[in-house]
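Student: Pasting in a structure now, in structure tokens, and then I'll have a few things to ask.
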């Protein structure tokens with residue numbers, strides 16, 4: 001971007017006779033570097049001036065919070081302007097050493113100590129709760145969508161932790177990292193858990209300004225979040241957890257209470273429950289060799305080719321995301337033979353290590369420049385970071401290759417159908433695959449656009465079909481399912497435009513393709 005601007009200036013000045021036509025390649029490169037540096041400094045000072053103006057429109061506590069947020073944003077913006085080319089050199093990428101990614105069975109083989117409560121009392125569960133349910137047609141926080149027996153993601157999380165606390169007489173608190181999009185609604189709903197045996201804390205992600213792609217300055221004119229300013233702010237990805245947690249004062253408070261580790265995961269990953277074996281592995285290490293960061297990874301399938309993977313780079317374990325891969329190597333990155341595992345975003349992290357790295361300003365995560373287009377057509381950039389990218393900053397970091405069952409995200413109604421079905425049983429907030437299913441893998445389900453929104457999806461099923469023997473389901477068009485339908489093997493149902501298919505109550509479809517028009521009329 002800077003180079004393009006420079007070339008435009010160079011050509012203009014050359015034509016005006018300001019720059020000698022024949023200064024030589026070396027001279028040209030020097031001028032380019034000097035000009036880029038001047039441009040960088042100008043952009044930074046313009047950005048800082050704009051941020052000062054924005055903060056001056058805030059009042060009281062909001063001004064203090066905004067100042068802290070903008071400190072983080074300034075650091076991110078400074079690094080964004082420094083970035084030259086891809087953040088990794090492909091030739092320097094190596095496979096991680098054998099012992100740096102441990103199989104889960106090896107961790108489990110250690111067994112559990114008698115004093116499980118002692119280990120649990122060192123743990124805090126943190127759920128990333130910044131997302132809205134808009135992609136599934138819902139208003140408000142995604143964590144408040146009902147996913148099973150009227151239970152929301154948040155209900156299931158509270159049930160899991162309460163069960164642990166009651167079973168082992170422990171005190172595991174729940175911490176929710178909200179965003180400005182989810183904070184108010186989440187806090188209202190927390191009243192219902194007052195009598196549960198779980199202490200619940202919240203803190204907020206930072207609020208960063210979206211940047212105009214052309215001017216590289218904030219779109220916002222003041223700190224308001226309504227009217228013209230409704231879409232000019234964004235929460236900067238889950239990598240913001242370290243700074244926000246530290247700035248909130250909650251990190252310090254939990255350390256003072258004797259907590260040592262956090263278990264971080266996405267609130268929509270229903271497989272991300274507290275694993276006692278991984279926790280025991282963490283707390284049983286000798287002090288000098290304490291593992292400060294564990295990333296749960298699992299084997300890639302064709303559905304996971306875009307997921308981030310672990311590599312060895314400059315002598316450190318590092319997360320490699322698809323956005324960092326040079327275009328020429330994207331197919332290689334997606335290969336399930338070369339890069340066999342991917343990041344589940346279930347992470348176990350030392351609290352004291354987060355505190356140390358924050359105080360030393362040593363938390364180094366690759367910047368994700370996420371392009372967006374606002375409703376009015378304006379092109380903007382969001383600067384984000386990913387929580388797992390910090391793995392290279394921690395001592396004795398480790399990957400653990402966990403069973404696929406620990407990765408059960410609900411991103412779409414296709415995922416929702418799986419977790420609502422008889423493939424899973426629910427106990428103490430935990431979903432487990434039914435013993436009656438012969439294969440441990442989940443069926444591949446693809447529901448069409450008529451099912452995208454949760455409310456519409458729910459009207460299309462009188463009851464959720466029996467899917468115990470299902471391998472593959474594709475549904476497209478205007479399709480509804482009656483009660484007690486059974487699906488087995490590969491089932492494809494396609495209603496063409498203008499047609500409708502009603503699957504009758506009690507139907508059993510096994511290895512069937514259904515198309516055309518099948519309308520069941522009420523009599």
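Every residue gets a Cβ built from N, Cα and C, even glycine.
Sharing the record's features from TrEMBL:
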BINDING   142, 205, 237, 268, 411  UTP binding site
BINDING   238  substrate binding site
Student: Can you count the other CB atoms that lie within 10 A of the CB of residue 142 (UTP binding site)?
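Tutor: Around residue 142 (UTP binding site), other Cβ atoms within 10 Å: 24.
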Student: So among 142, 205, 268, 411, all listed as binding-site residues, which is physically nearest to residue 238 (substrate binding site)? Use the C-alpha atoms.
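Tutor: That would be 205, the closest of 142, 205, 268, 411 to residue 238 (substrate binding site).
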Student: Would you measure the largest Cα separation among 142, 205, 237, 268, 411 for the UTP site and round it to whole Å?
Tutor: 21
Student: Can you name the residues of this chain that are 6 or more positions from residue 268 (UTP binding site) yet have a C-beta less than 8 Å from its C-beta?
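Tutor: Sequence-distant Cβ neighbours: 131, 142, 143, 153, 409, 410, 411.
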Student: If one looks at the chain holding residue 205 (UTP binding site), which residues at least 6 apart in sequence have a CB under 8 angstroms from its CB?
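Tutor: When sequence neighbours closer than 6 are ignored, residue 205 (UTP binding site) has 130, 177, 178, 179, 180, 235, 236, 240, 241, 244 within Cβ distance under 8 Å.
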Student: Which residues in the same chain, at least 6 apart in sequence, have a Cβ under 8 Å from the Cβ of residue 237 (UTP binding site)?
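Tutor: Looking at Cβ-Cβ distances below 8 Å from residue 237 (UTP binding site), excluding near sequence neighbours, one finds 368, 370, 384, 385, 386, 387.
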Student: Looking only at 238, 411, which of these binding-site residues has the biggest number of Cβ atoms within 10 Å around its Cβ?
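Tutor: Max Cβ neighbours within 10 Å, all protein chains included: 238.
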